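Visitor: Mind looking over this structure? Questions follow.
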Amino acid sequence: MREAGRAMHLIKKREKQKEQMEVLKQRIAEETIMKSKVDKKFSAHYDAVEAELKSSTVGLVTLNDMKAKQEALLREREMQLAKREQLEQRRLQLEMLREKERRRERKRKISNLSFTLDEEDDGDQEDGRWAEGTEAHSGGAKKNLGKNPDVDTSFLPDREREEEENRLREELRQEWEAKREKVKGEEVEITFSYWDGSGHRRTVRMRKGSTVQQFLKRALQGLRKDFRELRAVGVEQLMYVKEDLILPHYHTFYDFIVAKARGKSGPLFSFDVHDDVRLLSDATMEKDESHAGKVVLRSWYEKNKHIFPASRWEPYDPEKKWDRYTIR
């Protein structure tokens with residue numbers, strides 16, 4: 001009886017372990033299916049793990065041993081996949097490097113292409129393809145390709161020529177920048193009038209690269225001691241009107257000089273005051289007259305813009321051309 005009971009107990013224990021194995025296999029299969037839906041490349045990974053698990057768990061094992069074995073196999077398999085992926089990346093990098101080398105070699109061979117035909121004796125050379133073609137055409141004489149100096153190749157890409165052109169462009173650009181900065185650093189005397197209904201003429205020296213705002217700031221410093229209404233005024237409340245055009249604060253005098261800009265009644269690139277002293281008026285010749293610019297309070301302009309001369313003033317537009325000068 002005792003032996004029969006022990007046998008029944010072993011049979012039940014084996015059946016229970018078998019059920020646990022089936023449950024574990026089912027769980028592994030479900031996890032494999034779920035992960036395969038996320039990414040198909042992992043299906044082979046879990047199939048290999050399951051095969052390895054089956055081969056390494058022959059006989060009766062506990063559930064904990066089975067889980068530990070499965071985790072160890074998964075880690076080992078993931079490490080193998082990571083190493084394989086690294087090797088694949090290295091292989092791809094080597095392929096890219098080889099492809100670059102092949103491209104460079106093709107370019108080098110293309111650059112060595114030739115166009116002249118030089119006759120040489122083909123007695124000791126054994127090249128069947130060239131021998132058949134050349135013997136049929138020229139009686140056994142091989143014609144090698146070489147460069148023809150008479151052919152114009154200026155239209156072909158040339159790295160050295162392009163580098164030389166780029167270097168020359170950069171030198172010219174730097175030379176032009178240096179000349180521009182030199183001109184901007186030159187000083188010019190600017191004659192202007194503070195206009196409050198009548199003119200109060202002043203002069204100030206500025207660099208050609210100075211902006212209108214910088215000029216107004218310098219002019220305001222000299223005008224405050226003579227005009228009480230300007231003592232609490234800022235630069236943003238002033239306007240500079242030259243040849244009946246209201247010039248923006250951000251423009252420089254260099255901009256007007258280079259563009260040879262013109263206003264309604266004279267040139268914007270001349271900042272002194274002089275009249276046209278020619279005895280005879282010639283309609284085909286431009287007048288040589290320059291008028292003093294006006295420094296005006298914006299508040300005064302808003303009150304009097306319907307009255308001459310403020311009625312003639314308008315904002316400066318670089319796209320607008322003034323071919324004829326007018327004073328009325």
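Just so you know, glycine gets a Cβ as well, placed from its N, Cα and C.
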Visitor: Looking at 70-104, 280-314, which one is coiled coil according to TrEMBL?
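Guide: It is 70-104 that TrEMBL annotates as coiled coil.
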Visitor: Give the range, chosen from 7-34, 175-202, 203-230, that TrEMBL lists as coiled coil.
Guide: 7-34
Visitor: For the compositional bias 'Basic and acidic residues' (157-166), how many residues does DSSP put in helix, in strand and in coil?
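Guide: Its residues fall into 8 helix, 0 strand, 2 coil.
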